[in-house]
Amino acid sequence: MMANYYEKLTRIFLVGENYLFHAAAWSRYYTLLRQSAALVAAGQGKKADNPPASDADLQKAASFVLLSALAIPVISTSRSRGAMVDFDEARKNKNSRLTHLLGMNQAPTRSRLFKDALSKSLLQRARPEIRDLYNILEVDFHPLSICKKISPILTKIGADAEMERYVVPLQQVILTRLFQQLSQVYDTVDLSFVESLAQFPEPYQVSRSTIEKFIMNGNKKGDLSIRMDHATGVLSFDNDVFSSAKAGHSGSGGGSAESETGTVQRLQSTPSEIVRSQLTRLARSLYTTCHYIDPEFNKERLAARNAALARAKAGAEQEHLDTIARKEIIQKRKEEASELQARREKELSRQKRLREQQLQEAEDKRLADEQKEREEKRIKAEHDRVRKEELKKQIADLKMNDKALDIDLDDLDNLDTNRLRAMKLAQLEREKNDVNERLRITGKRIDHLERALRKEEAKKLNIDYEAQIAEDRKIYEQVKAKTLKEAEEKHAASVELKHRLSRLVPLYEGFRSSLHERRRDEFEKRRRDAERELEKQINLRKKEHRDRKLREKREREERERQLQEAEERAAREKEEQRLREEAKRAELAKLKEQREKERQETLEKAALQQRREEEALARRKAEREKPAPAPSRVPERSQAPEGRRPPVIGTGKWRERESSQPEDAPPPARGAPIERTDSNERSSGGPPRLHLAGNKPSWREREAAKAAGGGARLAPLTTHHHPGGSSLAAELPWTALVLAGATTTGRSLLLRLRICLPRGLLVSGFPLTYETSSRLG
């Protein structure tokens, strides 16, 4: 987008003949184009934002940058040197605005543009003829052949439609360089000689008057110092030692270079330059001489330097403080001035707003009044226009033939519709009467004319009838003769054609018969081929049909076989499942019988143990009945009544229940396993639990677990609450845990336990369930 902006600026500046800023715009355009190409090549920018630039585009842009910079005229043709004094401030403002428009930090100059172009290596990218033109104008020194060398280049530039516009400003630059270089070689030169040197190709030739005009303009600007003698035709280059090579203003900002004296190639310094630098060279020589011939001068200089340094060092601190104080005072004054200025501007702004508001209100009122007045005039004018249009329309209806009524159209204001209506009715009545009268007269005239015509016609009807009959007969005879003649000629031609074509009939018949035979043979051949192809297709279709039937039959048999195999496999699996279930039931029955046997043995052992316990209890009872009984801590309610045995854990009632059940009855449901409880925990609202060997299995329990399968794990035993509401652990002086019997049933181990307590107390909770490791897993 910015490249497009600068490209349009180049066109605007070229149309305005501002060649300096035109060249600056081309330089900015080339810079953006090169940056865009570099970003696209590096892959850092988007192609939509940075359109690709080819080498041809870069070469074209570089050529235009260099050519536009060369076309900047060294001598402006717009204003004289005296006019520049008054125009300087406006020119600076204009150049500043154009500089900001191009986005540059400082105003461009011809030398700065060339320096920028050389830093960007534009000479290598530009076209060869543009590069040669730069070398001729800005590098080489050849006053006698400058135009001759540039002529072929101007021819090439003029052949290009886009570069042709630079030829005229380039001529001005070439003439400037020609006279600047001639002034360094000659003091006087013949004008005809200069005219012979300033030769350009057609159609860019310059005349003698053009050269004279250019010289006069250069003298006005101060760029040239040439005197012309028209009597002898001699040009004299002024070498006044007290004149400046370019005095005053160097040129207009509208397209000339700012200062180009330093860019002109010089063979030697001019006398004026020597005079201007004479005092400087004398002072430099005297200063150098004093260093060598007067030692005191150096001492004084060094002493003055040391004294100055000492004074500076002594007053540096105070100067620094004074500077700070001065800065503070300046800052304070600036703040006060800014505040005062702000208040003044605020007051002025308020007064300005009030004035603007008053002026705006007055203007709004005036505009409203004018609008109202215009609206009233418009409505009135519209009403008058409509009324006049109606009147004109009514007047137009009153026209008779091409004659209108005697009414003045300019005096429509005095007419009204009633008067026009009356005039219209009168006009219609007159038109009706006129039409009726004309019809009556016309009808009467026609009747008289028709009667006269018929009277004269009756006298000549017979003669005309006979002449018509004769004419018709003559025409008939002519047509008849012509028809007969044409028929005879046609018949003769037909007979002749028949005789001529009759010789070709045998040949035609022979050709037709041969062609018929040939086509019949070809038809028969094609028919036989078609029949063979049809038979082949029929056989192929039959074969495909048979193959498809056979394939469908095989697929159907395969499906039936697979279905039969699946049914057989299902029946076999079902039979195997039945056999496995029967084997499992037999195994379960055998296992049940084995468990029942083991249970009987266990029960017998338990009964034997019970008898032993009863004997031990009897012995302990006999010992307690001795004369010195020990004090008892057990309450009386816990003792059984005399003459009764305390209930024993694991009595023989369960044998009667087991024997009364049928053989095929399911085994009775086991009670839930006794949960493990911590001895230190108490259930909410319940009594403390009984401690049985620290809730750890004894050696008998471990042996029973090993006998049951080696993987049983003992479940904790919980105590039963005493009927009296107190804890057994607090009331019993001692307890004894006895293994009454064990029975293994599959994955569980049933233990029969007996608690030896004082008479009248029990611990219930049988059977205890010990889960094996396989079940827990």
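Glycine too: its Cβ is placed from the backbone N, Cα and C atoms.
Within the set 246-269, 510-533, the record from TrEMBL flags 246-269 under the feature region 'Disordered'. Within the chain carrying the region 'Disordered' (341-381), a Cβ under 8 angstroms from the stretch's Cβ atoms is held by none of the residues 6 or more beyond its ends.
Across all of the domain 'PCI' (58-242), the predicted model scores a mean pLDDT of 82.
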